Amino acid sequence: MARNSRIRITNNDKALYAKLVKNTKAKISRTKKKYGIDLSNEIELPPLESFQTRKEFNEWKRKQESFTNRANQNYQFVKNKYGIVASKAKINEIEKNTKEAQRIVDEQREEIEDKPFISGGKQQGTVGQRMQILSPSQVTGVSRPSDFNFDDVRSYARLRTLEEGMAEKASPDYYDRRMAQMHQNFIEIVEKSFNSYWLTDELVERLKKIPPDDFFELYLIFDEISFEYFDSEGEDVEASEAMLNKIHSYLDRYERGDVNLDLKGF
């Protein structure tokens, strides 16, 4: 393997080095003064004599040029009316993730709106009609993120919450986890509502065998598969033996393959 020969510093190198250092220091000073952001630890300014090879110098030069390049949005900043400062890269990333999270929710709602809504064993319209009467988030348990507007952010804590939350919600895995958590929560609330009751125990065992994505669709379609009829504190429980039997009948239909579930892989 060929060795990189030691650099021979030319007058052009000296002039370029001086220019890059000047531009970098000006960028650091300007950013600190205008936005209160100290970038001095983001970039190194070693003495010209410290470079051992031409490759080292060229790599340093590339970093300086990138740092001062106006197209590099990691180091371009915006301050809103509340004095909150963020890089354009961060703002764009939150906007991108927000739009992706909205797209996923919109796609999900479109997939489920024509599904039947069944209460008391009879169809009472569609899931889409129910979303119009209530709200989509009430029906699905999943809210659609609002548009991101940096001008509305009043604190860095809020900005961090939005950044982390939208990054999470932009991932389809997030909704898989939500379905799994909803499934587990429903099983637990059924268990706690009646403590120990043979019909409930049997229902819990049947529910545990259902994949979370299938449970989510059953939750959307069948009115009685609802958190509002069960109470983990044992008070104001509306669930009765008749209702439990109705849920068992729905699970019978599911196990026979009589319920159209087509959100697999959503």
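Cβ coordinates come from backbone N, Cα and C, glycine included.
Annotation source Swiss-Prot lists O-(5'-phospho-DNA)-serine at Ser232, citing similarity to another entry.
According to Swiss-Prot, the feature region 'Disordered' maps to 1-73, an assignment based on similarity to another entry.
Each residue in the region 'Intermediate' (74-172) gets a DSSP state, and the totals come to 57 helix, 15 strand, 27 coil. For 74-172, the entry in Swiss-Prot reads region 'Intermediate'.
Swiss-Prot lists 173-266 with the feature region 'Priming'. This prediction places the mean pLDDT of the region 'Priming' (173-266) at 82.
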Problem set entry | Helix, strand and coil residues within the region 'Priming' (173-266) as assigned by DSSP | 62 helix, 1 strand, 31 coil
